[in-house]
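First the structure, in the form of structure tokens, and then the observations on it.
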Amino acid sequence: MNERLSQALNECPSSLANALLPYLNSDTFHASFSATEVIALQQSSGLSSTELALALLPLAASYAFAPLSDFKVGAIAHGASGRWYLGANMEFITTPLQQTVHAEQSAINHAWISGETRLNQMTVNYTPCGHCRQFMNELNCAEQLLIQLPDTPPRTLPFYLPHAFGPKDLGITHALFDPQIHAMTMHHDPLINAALSAASQSYAPYTHAYSAVALLLDTGQRVTGRYAENAAFNPSLPPLQSALIILRLQGYDPSSITRAVFVEIAGAAISQKSATLATLSALGCHDIETLTFTTNG
Ligand SMILES: [Zn+2]
């Protein structure tokens, strides 16, 4: 187990730390707990569901990659399936601050990429910033989403974001986490194919600029990320950040990237290409392929 996970365990109640050990010692632990595992953790730690989620926040925050601020934020997205997805903030030196990922975005993206179709709750160790409140307002569960903070009763997102501006104000009737399938031709190269497959599920109702990133790691593993657009535009999560979140939650650092593929739809009004290339280059990845595609449906 690495040092940051051991440190996180030290911040947990001892009954929970003992129960977490088998998970954290496993190579297959990827920063989430199934519904069954959540119940088992509650039973072995004696904590209620809310107490357990709050007690797991130091573990979530241990995934932070914050070389600029050293400020570690942890979040848990509670999927409708019962699975809990951890997330943490990410910062990238030598890139603009706009490339930063917030913990709530990390946990939500984690759940989205893992196939979750709805969230019930977010548990966070600090009050969500305005950027994250707007990001969460794009979710298909925005009206009902519960926000749980330490020492504060749970409240729904509309409490934290009254008089909200969202997809409906722009005439969009579906939302983030609703199924997205943009049919497109697949490719024989597995990494390119992974990027195309992710792009086919990206969410871009305002620009239709579907895009995704696939990363090959020095372990041979592939991770993908897809674009999640926002009605207020700026809180949109770029496809590279979506992939970097997954990379981090699987226990890797950006330095482990050996090859990257970026794909986006041809002819869209906006492009993620230059920002993606610049950030990948800042992270030390120079083997980058970029492709455009057209939908076949
Ligand atoms: Zn935030």
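First residue shown is number 1, and so on along the chain.
Any Cβ shown, glycine's included, is placed from N, Cα and C.
Residues C129, C132 are given by TrEMBL as Zn(2+) binders; from H102, H163, that same site also lists H102. For the pair H102 (Zn(2+) binding site) and N89 (substrate binding site), the Cα-Cα distance reads 4 Å. Cα separation, C129 (Zn(2+) binding site) to E104 (active site, proton donor), rounded: 9 Å.
Considering only the binding-site residues N89, M90, E91, C132, the residues lying within 10 A of E104 (active site, proton donor) on a C-alpha to C-alpha basis are N89, C132. The Zn(2+) site is defined by H102, C129, C132, and by the 8 Å test on Cβ atoms against their centroid, the other residues of the chain that qualify are A103, E104, Q105, P128, G130, H131, R133, F135.
Across the residues of the domain 'CMP/dCMP-type deaminase' (186-297), the predicted structure has a mean pLDDT of 95. Checking the binding-site residues M90, E91, C129 for a CB within less than 6 Å of any atom of ligand 1 leaves C129, listed in sequence order.
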